[in-house]
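Have a look at the structure below before the remarks.
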Amino acid sequence: MGHSVAWLLLVAAASTLAAEVPTDVSMGLLAEPQVAMFCGKINMHINVQSGKWEPDPSGTKSCIGTKEGILQYCQEVYPELQITNVVEANQPVSIQNWCKKGRKQCRSHMHIVVPYRCLVGEFVSDALLVPDKCKFLHQERMNQCESHLHWHTVAKESCGDRAMNLHDYGMLLPCGIDRFRGVEFVCCPAEAERDMDSTEKDADDSDVWWGGADNDYSDNSMVREPEPAEQQEETRPSVVEEEEEGEVAQEDDEEEEEVLDTDQDGDGEEDHEAADDEEEEEDVDEIDAFGESDDVDADEPTTNVAMTTTTTTTTTESVEEVVRMFCWAHADTGPCTASMPSWYFDAVDGRTMYELMYGGCGGNMNNFESEEYCLSVCSSVVPTDMPSSPDAVDHYLETPADENEHAHFQKAKESLEAKHRERMSQVMREWEEAERQAKNLPRADKKIVIQRFQEKVEALEQEAASERQQLVETHMARVEALLNDRRRLALENYLTALQQDPPRPRHVFSLLKKYVRAEQKDRQHTLKHFEHVRMVDPKKAAQIRPQVLTHLRVIEERMNQSLGLLYKVPGVADDIQDQVELLQREQAEMAQQLANLQTDVRVSYGNDALMPDQELGDGQADLLPQEDTLGGVGFVHPESFNQLNTENQVEPVDSRPTFERGVPTRPVTGKSMEAVPELRMETEDRQSTEYEVHHQKLVFFAEDVGSNKGAIIGLMVGGVVIATVIVITLVMLRKKQYTSIHHGIIEVDAAVTPEERHLSKMQQNGYENPTYKFFEQMQN
């Protein structure tokens, strides 16, 4: 009897609770009003009393293309609520059994979409929970009225600037339909995020949910109230099983009807072939949702062309796994010949969206009709700051030098350039976006925008140059220390071999060669360091030039003294005299090569006051006495001369500020990354591997000077044409000058009088005697 009374009381309490479900959000609803759309499917909305997703009441409404239309649809499906605005949800949700229009039953299909929240009554900002070690922040811009996506990006970047992850966020100050003037957000450290994730996993089986015991059948409804952490996140839907104990009678009836729909032979059991056919047909319907574009406006910004899968699990972990599987799929247009612009999410390239011409079928499912929804779906499962490898530059600067110094330096150099390229790419994208937004601005405002980005680019270039200079100087100092250690060790071994009793000449000569090679590398490092400083900072090079020459003289003296010790040991120098002479010839040859190399370098950079030809020649004469045996600054061993990328070589960089290399103005939009040439800041090629800095070059205004090579060729061609015209004109004038008028050939007798001779000349020039002419006319 007691059990019956308890059961009746429980039923009465449940009935009372159901009857008292309020219709005003301020009084509390079991679920927040939301609508979800998937083109080709019937619109879905949440039943605020049960928390379940239900299809459109009319069974005809599908995806809507405008925010005003979405607001109107919210008002239609929730007539009892005062819907005043809509806003995108922060997280995608999974909806089970979402059928295409015209179908009543479908199973085992989960669709992941980003729903719209229908805001009730006067706007009230979301109550965000701030866990331990987290920070609550907000930003408002009264002169801006931006979308949900814009403010989500602002919050995400703000957390990233603080080396934290975006935990939760909400909109502030509505200024239109799905438009706002600010955002509030919570940033948490990565460790706190992981702790909260583990706490949520432990609480997955909990039935605590604001609204009652119906949470087993709810679908990821977002309740934004100041509740505990496990209530702040999406509620965990569970799998609905046919044999679950305590299942309500209504669910049993629906399951029986579904089995009967697939029971074609009347045996009372589900026909698996029919079910498989239905699933295959549903798969075709889903492909049509991606492939058919005739019925869908490509410009609809709210079309949730999301992703589908054939799994029955609906835990939050499985939803994130499905989203990750599709969002991380590689770009594939498919075999079909359609050409539909879409967006795909590149998780490898810094969570960036790229445009993709989707073929309509057979391609990857990672394609979205707008960048907005691509980011909304895919960014939910990607942390704000993806785990990145430790900064190689910091690691290099903090780690002491070892035998792998050159390899560590190369790795740090590549990391530095990659970071610089990433920064420049980000600025380029921001510049292009600002350019698009500034098309209708006055010319003065455009100039301000251009100047701001010019300053930003220049600051990035100067920062990168400073970091490069620090990296190279550190590498030079470490190489010098390593060379000193090697030289000291080689000299100690050489002296030890000389002091042996009796000494072994061949062994002594071998150690002497090692010591000489160490001195050569020290000298080569010193010269390269001076050339680098002379290139990037001539004033500093002028200051250190005396120290460089002194160091080279010290190297020469040490080598001469070491060779002198060889002749103090009886019998050793005589046994290896031939090798010593060969070493002397190599010294002379390498000295000449070094002199030529120095001359070439000086000419390539232009004659300057630091290293004039005559002065350097005198210095070489002083430092390279030919009568010395192994001494001389110019001595370079064949095994180490002009050797590429050895541990003793330092590769100079161009660390000059940007204004010395040309300041960019603005990027040109619409160019592929392959078409954008590389901006290469490089030093002269001095027969050694040099520090070449490659990054993507911003292509700027047309007034920037183009290729000088084309201008030179044009001038040369023009000069040749002008010279040809002048020559032809002179020839023609000269020919005309020597041309005379002749009406015939007249023989002149040498015995005639001067008067007759003069008359003959006049007749040659066309003179006619009027008397003769008169009589000729009379006779005729």
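Using N, Cα and C of the backbone, Cβ positions are placed for all residues, glycine too.
According to Swiss-Prot, the protein has these features:
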| type | residues | note |
| --- | --- | --- |
| DISULFID | CYS39-CYS63 | disulfide bond |
| DISULFID | CYS74-CYS118 | disulfide bond |
| DISULFID | CYS99-CYS106 | disulfide bond |
| DISULFID | CYS134-CYS188 | disulfide bond |
| DISULFID | CYS145-CYS175 | disulfide bond |
| DISULFID | CYS159-CYS187 | disulfide bond |
| DISULFID | CYS327-CYS378 | disulfide bond |
| DISULFID | CYS336-CYS361 | disulfide bond |
| DOMAIN | 323-382 | domain 'BPTI/Kunitz inhibitor' |
| DOMAIN | 392-583 | domain 'E2' |
| REGION | 132-190 | region 'CuBD subdomain' |
| REGION | 194-316 | region 'Disordered' |
| REGION | 648-669 | region 'Disordered' |
| SIGNAL | 1-18 | signal peptide |
| SITE | MET171 | site 'Required for Cu(2+) reduction' |
| TOPO_DOM | 733-780 | topological domain 'Cytoplasmic' |
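A Cα-Cα distance of 19 Å separates CYS175 (disulfide bond) from CYS74 (disulfide bond). Looking only at Cα atoms, CYS159 (disulfide bond) sits nearest to CYS188 among the recorded positions CYS63, CYS106, MET171, CYS188. Listed recorded positions: CYS63, CYS74, CYS145, MET171. The one with the lowest count of other Cβ atoms within 10 Å of its Cβ is CYS145. Note on the region 'CuBD subdomain' (132-190): DSSP counts are 15 helix, 30 strand, 14 coil. Here the candidates are the recorded positions CYS63, CYS145, MET171, CYS187, and by Cα distance the one nearest CYS74 (disulfide bond) turns out to be CYS63.
Put simply, of the recorded positions CYS39, CYS99, MET171, the one whose Cα is nearest the Cα of CYS327 (disulfide bond) is CYS39.
Within the set of recorded positions CYS39, CYS63, CYS99, CYS106, MET171, the entry lying nearest in space to CYS118 (disulfide bond) is MET171 (CA atoms). For CYS134 (disulfide bond), the nearest of the recorded positions by C-alpha distance turns out to be CYS187; the candidates were CYS63, CYS99, CYS145, MET171, CYS187.
In this structure, the C-alpha atom of CYS99 (disulfide bond) lies 37 angstrom from that of CYS145 (disulfide bond).
Distance noted between the C-alpha atoms of CYS39 (disulfide bond) and CYS145 (disulfide bond) is 28 Å.
Taking the disulfide-bonded residues CYS106, CYS134, CYS159, CYS187 in turn, the residue surrounded by the fewest other Cβ atoms inside 10 Å of its Cβ turns out to be CYS106. For CYS327 (disulfide bond), the count of additional Cβ atoms within 10 Å of its Cβ stands at 23 [all protein chains shown]. Of the disulfide-bonded residues CYS39, CYS99, CYS118, CYS175, CYS188, CYS118 has the largest number of other Cβ atoms within 10 Å of its own Cβ.
CYS106 (disulfide bond) sits 19 Å from CYS63 (disulfide bond), counting Cα to Cα. Here CYS145 (disulfide bond) is positioned 11 angstrom away from MET171 (site 'Required for Cu(2+) reduction'), judged by their C-alpha atoms.
The DSSP secondary structure for CYS106 (disulfide bond) is coil. Separating the Cα atoms of CYS187 (disulfide bond) and CYS63 (disulfide bond) is a whole-number distance of 34 Å.
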